[in-house]
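Visitor: Dumping the structure here so I can ask a few things about it.
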Amino acid sequence: MSAVKRISVSKYKTFMFDIEGTTTPIVFVAENLFPYIRKSLKTHIEETWESEETKKDVLSLKEQAEQDANSQSDFKDAPQINIDSQQSVIDNVVYNMDKDRKMTALKQLQGHMWRSGYESGNILGEVYDDAFDFFERIKKQGKNIYIYSSGSVQAQKLLFQYSTHGNLLPYFVDHFDTSNIGNKLEKSSYVKILERTGIPNSDILFLTDNIGEAIAAREAGIDSVLSVRPGTMKLPEDHTFEAVTSFEHLEF
């Protein structure tokens, strides 16, 4: 199916966006957010060591490291933390990032660091120009926008509040993530969104780069348009969704 034809979206009253690969380059997290943690970790630990927030972060990391040591998991060699040693915390965080762990304690610290990075201007949430323009066109039509991403609601809000196009939070009615809604590859998550918002499924258009998510949304009666961007997954030749390389191809 062609990814360049113009598609009318005038019948939809609500637009729900994925982030990575849709509004934002798919490499943004890997090439901007995670490198920021590695680059700023030592300074962050040194400068916030006495803060209650960092003390809680360190305690959570310490508890996880102790659980790892007493387990038979692949992480039983995780560096242990001495609460009097900043270097032990740094070593533990680097170890867990190298292992690409999704543990709560690590995500908590990273979230606090990203917040500081955004607030200080060291991180800007990258939003495609055509995505921003589409947000503008949607609002001019008096229609609503929601965000549904696997990234936490906090991370979503930081990206859009401190974006390359300024504070975009006023454009959005609400934010959904996998913790408050569920897995994006499951029909039940989209049913839950319909129940929570009270919006008829025929009124919503979902925009995502992931065909598996589009299939799950379709099972709940929600239409989707696939976002084809640099680095997004190649679509199967026989897929039956509309697809665009830019939101300028969507028109009212």
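Including glycine, each Cβ sits where the backbone N, Cα and C put it.
Checked Swiss-Prot, it gives:
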- Asp18, Glu20, Asp209: Mg(2+) binding site (BINDING)
- Ser149, Ser150, Lys184: substrate binding site (BINDING)
Visitor: Using only C-alpha positions, which one of Asp18, Glu20, Asp209 is spatially nearest Lys184 (substrate binding site)? These are the binding-site residues in the record.
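Guide: In terms of Cα distance, Lys184 (substrate binding site) lies closest to Asp18.
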Visitor: May I ask you to report the DSSP-based helix, strand or coil state of Glu20 (Mg(2+) binding site)?
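Guide: SS state of Glu20 (Mg(2+) binding site) = strand.
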Visitor: Between all pairs in Ser149, Ser150, Lys184 (listed as substrate binders), what's the biggest Cα distance, rounded to the nearest Å?
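Guide: The span, Cα to Cα at its widest, is 8 Å.
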Visitor: By a 10 A CB contact count over all chains shown, which of the binding-site residues listed here is most packed: Ser149, Ser150?
Guide: Ser149
Visitor: C-alpha of Ser149 (substrate binding site) to C-alpha of Asp18 (Mg(2+) binding site): distance in Å?
Guide: 5
Visitor: Let's check the environment of Lys184 (substrate binding site): how many other CB atoms sit within 10 Å of its CB?
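Guide: For Lys184 (substrate binding site), the count of other Cβ atoms within 10 Å is 22.
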Visitor: Do me a favour and check the Cα-Cα span between Ser150 (substrate binding site) and Asp18 (Mg(2+) binding site); whole Å is fine.
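Guide: That comes out at 8 Å between the alpha carbons.
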Visitor: In DSSP terms, helix, strand or coil for Ser150 (substrate binding site)?
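Guide: SS state of Ser150 (substrate binding site) = coil.
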Visitor: Indicate whether Lys184 (substrate binding site) is helix, strand or coil by DSSP.
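Guide: DSSP call for Lys184 (substrate binding site): coil, neither helix nor strand.
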Visitor: What is the number of other Cβ atoms found within 10 Å of the Cβ of Glu20 (Mg(2+) binding site)?
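Guide: Within a 10 Å radius of the Cβ of Glu20 (Mg(2+) binding site) lie 23 other Cβ atoms.
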Visitor: Tally every other Cβ atom lying within 10 Å of the Cβ atom of Asp18 (Mg(2+) binding site).
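Guide: There are 23 of them.
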Visitor: Quick check: with Asp18, Glu20, Asp209 left out, which same-chain residues have Cβ atoms within 8 Å of the centroid of the Mg(2+) site Cβ atoms?
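Guide: Near the Mg(2+) site, beyond Asp18, Glu20, Asp209, sit Ile19, Gly21, Thr22, Thr23, Thr24, Ile26, Ser149, Thr208, Asn210, Ser227, Thr232.
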Visitor: Other residues near the substrate site, CB within 8 A of the CB centroid of Ser149, Ser150, Lys184?
Guide: Asp18, Ile19, Tyr148, Gly151, Asp177, Thr178, Glu213
